[in-house]
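Annotated active site, proton donor/acceptor per TrEMBL: E170, in sequence order. As annotated by TrEMBL, substrate binding site applies to C129. The Zn(2+) binding site annotation in TrEMBL covers H147, H149, H226. The domain 'Class II aldolase/adducin N-terminal' feature in TrEMBL is assigned to 57-253.
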Amino acid sequence: MLILYSRHDRNSFVLLPFSSFSSRTNIYIHFFFSSSYFSLRSIMSSHPPQNDDNPRELIPELCREFYRLGWATGTGGGISIKKGDIYYVAPSGVQKERIRPEDVFELDATQNVREGSCPVRAGLKISECTPLFFNAYRMRNAGACLHSHSQHVVLISLLCEKEFRISHIEMIKGIQNAETKKALGYRDTLVVPIIENTDFEKDLTASMAACMEAYPQTNAVLVRRHGIYVWGDTWQKAKGMAECLEYLMELAIRMKQLGLPWTPEEK
């Protein structure tokens, strides 16, 4: 018989045989039907993608993960992955946690749906983010681009005027310089530019492109009161940098609440 074992941290669990425990061991036994500290559903939804090379499988898997993180709630957010000369894009205006592989669009370099590749489900539309994804493809030769509606990202866009700047935080090392492709250092200052929101997503295309021209080292653009676009050479790099940016922006909000500076120059 296997049971869930947690000795100190109730958020950390291992499976051990029942025979492994003695009467003197300080343990917490949590049953699957108790949701106090453990969720079977969260384990099952956090398994890795079945096929890292198949964007049709990857996009629904990643959208479910982004939904769980709060990046793609209320049908918002999205992701696009390039493979060869095909651009795979999540559909627009649908529940991101319920996207299926057959719902994913295949586009060519002109943003047109490839012949014979329309989704099976009727009524699906190409993501409204598509022109902005293609900014990353055309201007940065990206392999993937994602769009998040994270609350931390939106709050940062309200706290900063033109740029988000932070340094001397270890997680900055997870962000690349888009020009050199080298990771930033602990003492480097991460700079993420901000553009103003518009009524329609497609109307952000020109201002995002201009911002990318002005900030050739950035892998991300914040949209005030809206969200963030993050891209990378691969979907793994785009996802990894998005996670680091989320961490840094959430941390920055807490630092602001405590009166702590984001950079040494603010002291």
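Note that the numbers count up from 1, one per residue, in the order the chain is shown.
Cβ coordinates are placed from backbone N, Cα and C, and glycine is handled just like the others.
Annotated features taken from TrEMBL, shown on the structure.
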residue : record                             : contacts (Cβ under 8 Å, 6+ apart)
C129    : substrate binding site             : G78, S80, V89, S92, H147, E201, Y229
H149    : Zn(2+) binding site                : W71, A72, T73, G74, G76, G77, H226, G227
E170    : active site, proton donor/acceptor : Y186
Could you pull the average pLDDT for the domain 'Class II aldolase/adducin N-terminal' (57-253)?
95
Ranking the binding-site residues H147, H226 by other Cβ atoms within 10 Å, which is at the bottom?
H226
